[in-house]
Every structure is written in structure tokens, then in C-alpha cells.
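What Swiss-Prot annotates here:
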type	residues	note
BINDING	Leu7, Ser8, Gly9, Gly10, Met11, Asp12, Ser13, Leu14, Val15, Thr16, Thr17	ATP binding site
BINDING	Cys187, Cys195, Cys198, Cys201	Zn(2+) binding site
Amino acid sequence: MKAVVLLSGGMDSLVTTAIAHNEGLQLAAMHVNYGQRTWQRELESFRSIAGHYGIGELLEVNADFLGTIGGSSLTDHTMAVSGADLQGTAIPTSYVPFRNACFLSMAVSWAEVIGAQKLYIGAVEEDSSGYPDCRKVFYDAFNKVIELGTKPETGIEILTPLIAMQKAGIVEKGMELDAPFHYSWSCYKSEGKACGVCDSCARRLRAFELVGVRDPIDYDVRPQYIH
């Protein structure tokens, strides 16, 4: 069976790819440039991870209209990328308005054309930045949209294997599957060394700390987030 994996190059999408690969599926991987600050580094990670898993069917999509729309510190250089707030409950400035719906729409189109029946995305609800399009209820609803908006015989289903996991559990799952964490990139701000202080870096570093393993990528600073 064929499956499309939405592969940003980050830790969550890496582990999701490892899970799908472990299922013995024929994988096709899609990466989206949406005008984000670190798109070149993320693309490098995408290609490295796809190569590691021998994924030959790749689609690199330009969706930089999301950058033109703006409204997010990931795409709008007039907005500062906020520092980590691991206890915060407000939706952070890094939220890209309705981004995942755009990604899923493009991925479903491709899946329908290439005959894929599964669509994997590394969304995390439990231990994440609180993005509204990373909730299980959102993906349940989108599966209904796919059912209503594609040919009856298509049968595409979105799978979110990490949705209820904590970040530390995601690291442990990746280690269990021997995922190449050194290829992944999570930083919102930097393409050289990861900054270590944005929300994404902080959640990643804390997860590795909780597991008791050193994160293999380079950081400009490497704060301790467990006190």
C-alpha cells in the first residue's frame, strides 16, 4: 500500500516517517516551502531524511503565498520569533493561519493522483505550541472533508500517529526505530546552528533532556529546560 508522508524535516515529521516506513508501506514524501525563515535548512533535512529511507517519489511544493499573506513570525520578518514559553497557553506568534489545512489539501490532491490511500502528518496535540490545526478533532473533521471531496473509490485517510504523545515519548519512539535525528531540523529562527531558545528548540531540547540523551544537532546555546 502506498502512503504520502508530509515531511517538513523536523523531529515530529522524521519520527512519523520512521513509523510509516516501519509499517512496510511504499512511501512518497511531500515538502512545502511556505515562505518560512528556515526553508532552505528544512529542505536540506527533507532530502536527507527521504534519502535515508530510500523514498524515491518526492514532491517539493512552493506555497509561499502563505508568506505573502503573513500573520506569523515564521513568515513575516517584521515580527519577532518569540522566545520559549513552555508553560504558556496562548497561541504563539509562530502560528501560520490555517497552514495545515493548506498542506493537507495539496497532499490529498497528490495522494489521489498517485493512488496513495494513507496520508501521514506529524501533528502533536498534547505537548506542543497549542496550534488549533494540530488537534485531533481537526484531523477527524478533515478526514470527513476528504471523504466528501474526492472520488468515491479514493479512500484516503489521514493518520496522526503522534497526536496524543508527549515530546519525550516521540524521542523515545524515534530511538526505538533508529530514526536519524541528526538529519532533522526544528529551529524557527536559524539555518546555521539551531538557536536553542525559540519555542520549537526548547520543546525539542527538553524532550531529549527528559529521555537522558543529548540532542545530536548543533545549537548556538543549549539551555537546560528541566530544573
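Just so you know, glycine gets a Cβ as well, placed from its N, Cα and C.
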*So of all those binding-site residues, Cys195, Cys198, Cys201, which one's Cα sits nearest to Gly9 (ATP binding site)?*
Cys201
*Write down the Cα-Cα distance for Cys201 (Zn(2+) binding site) and Leu7 (ATP binding site), rounded and given in Å.*
18
*Can you figure out which of Met11, Ser13, Val15, Thr17 (the binding-site residues) comes closest in space to Cys195 (Zn(2+) binding site), comparing Cα atoms?*
Met11
*Using C-alpha positions only, work out which of the binding-site residues Met11, Ser13, Val15, Thr17 is nearest to Cys187 (Zn(2+) binding site).*
Met11
*Around the Zn(2+) site (Cys187, Cys195, Cys198, Cys201), what further same-chain residues have their C-beta within 8 angstroms of the site's C-beta centre?*
Val81, Ser186, Tyr188, Lys189, Ser190, Ala194, Gly196, Val197, Asp199, Ser200, Ala202, Tyr219
*Take the C-alpha atoms of Cys201 (Zn(2+) binding site) and Val15 (ATP binding site) and report the distance between them in angstrom, rounded.*
16
